[in-house]
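Over in TrEMBL, the protein carries these features:
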- 1-20: region 'Disordered' (REGION)
- 208, 209, 212, 224: Zn(2+) binding site (BINDING)
């Protein structure tokens, strides 16, 4: 049954007792599933023609917008702060972090889950720390002011392919071609509330491939883990550290190589290097890669693709030798 209630919003007595009463509100209370409140203007006198008769709930949506107020609902959302923004409650953020982490461990190539994990765990401290690091650096401040974006159009990849060998732009384009990826594969930031912090996360996400390019590390799981370990030491973003749980998916020889070679390299260089979030990559495209690495304090790691190629060749040679010995033994009856 619908219950219609007239509510007086005043510290004064009711109009029957005091002629100074001048505030009225009407509320229509539905069954427990929802509540709708209609509020009249606050300066309505007792004899004013604006005093409204009891309002039937069915007529609520016929009221002018200024007289309609909807109470809070768990299904309602605050107004987005920028295009594509999805505000989350603390509970929703925690659930997304757990779900994304479990999914990313099962499939490290799910970039959407990794992106969601990064945004869910970046607040309240880590992306703010990264923003402060940019504000404390002259180049970082320029990046925040200009807000450049890294896309196939802004990078002009055809021009980068024509740059001299060993330049940052040429190395970046060559790395994209070799790995079969493009700058447009990065998901947009949606779950960080502050617009500037959202841009900081987007900038980190879009410059990730430059870290791959100047280190030469491929996008295979082993190479991605090395880059993530470097970024964790350099940026402290939790997602980069949580991604290292995917080490359990490596083969024993790969896991051993990570702990002996690429893990120590990542920890040392991530801590000693300048914060790579402050690199204005668009202005470094013609810089020699070795010069930039030296300026940033990054040592080039061993060539992972070459190491894996050498090991594959050794295995093929050993297999061929075993098969040859087997054929000789069969022929001699031994």
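Every residue, even glycine, has its Cβ placed from backbone N, Cα and C.
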Quiz item: Quick one, of the binding-site residues 208, 212, which Cβ has the fewest other Cβ within 10 Å?
Solution: 208
Quiz prompt | Which same-chain residues, if any, lie at least 6 apart from residue 209 (Zn(2+) binding site) yet have Cβ under 8 Å of it | solution = 172, 175, 176, 181, 183
Quiz item: If you skip the near sequence neighbours and keep only those at least six away, which residues in the chain come within under 8 angstroms of residue 224 (Zn(2+) binding site), Cβ to Cβ?
Solution: 108, 217, 243
Practice problem: Taking the recorded Zn(2+) site as 208, 209, 212, 224, identify the other residues of that chain whose CB atom sits within 8 Å of the mean position of the site's CB atoms, giving them in sequence order. | Solution: 210, 211, 213, 217, 219, 227
